[in-house]
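Worksheet: the structure to be examined is printed underneath.
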């Protein structure tokens with residue numbers, strides 16, 4: 001095993017029995033051969049479960065929608081990339097030449113995906129309990145900073161954070177109609193989200209309110225909220 005990978009293991013707090021799993025987790029799809037996308041898929045599922053379970057226990061009075069919002073904050077790409085930078089993960093990534101030249105080792109989405117892949121690799125190399133322990137250890141500071149006050153955000157912010165947690169494009173809002181007299185207008189807005197086949201709609205006495213209504217409708221359509229939270 002190379003000295004550099006041993007350094008990374010110390011930072012992660014886990015020593016791999018099968019070094020190939022670790023190397024694969026660090027291999028971006030731009031690199032020739034097998035890549036970390038399957039491990040990323042697995043790690044994402046484990047991360048969401050572990051975070052959800054921990055929040056369920058930590059906030060016994062929280063409603064479903066509140067728990068979903070807190071989890072979205074924990075697992076969003078920005079958070080994962082920040083953790084990855086703390087491990088200097090970019091130094092260990094295997095990238096294709098083009099991705100390397102364009103600075104892919106600094107890119108938020110690549111760092112976040114690699115961290116999820118490492119979670120999946122740890123699970124396969126050890127077991128669920130070990131993967132859970134690592135995830136909770138890495139997210140300790142994030143968990144400590146969370147309160148239910150964090151769920152009192154407007155729908156647009158909640159939608160943005162949810163999409164960021166899935167490494168998706170941000171929603172696009174468009175005013176499709178304005179009705180009424182200048183002193184009493186009603187704005188009609190559509191919100192386009194890549195995860196939804198249909199645009200969500202909202203209306204209100206201002207563009208801002210209409211966008212918030214459309215964002216709330218998108219959250220319900222995504223199954224993130226049920227309309228009662």
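Start at 1 and count along the chain as shown; that gives each residue its number.
Every residue, even glycine, has its Cβ placed from backbone N, Cα and C.
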Of the candidates 37, 40, 190, 192, the one that Swiss-Prot places in the Mg(2+) site of 113, 116: 40
Averaged pLDDT score, the domain 'RNase III' (5-127): 93
Packing count at residue 40 (Mg(2+) binding site) (other Cβ atoms within 10 Å of its Cβ): 23
Rounded inter-Cα distance in Å - residue 116 (Mg(2+) binding site), residue 44 (active site): 6
Residue pair residue 113 (Mg(2+) binding site), residue 44 (active site) - Cα distance, angstrom, rounded: 8
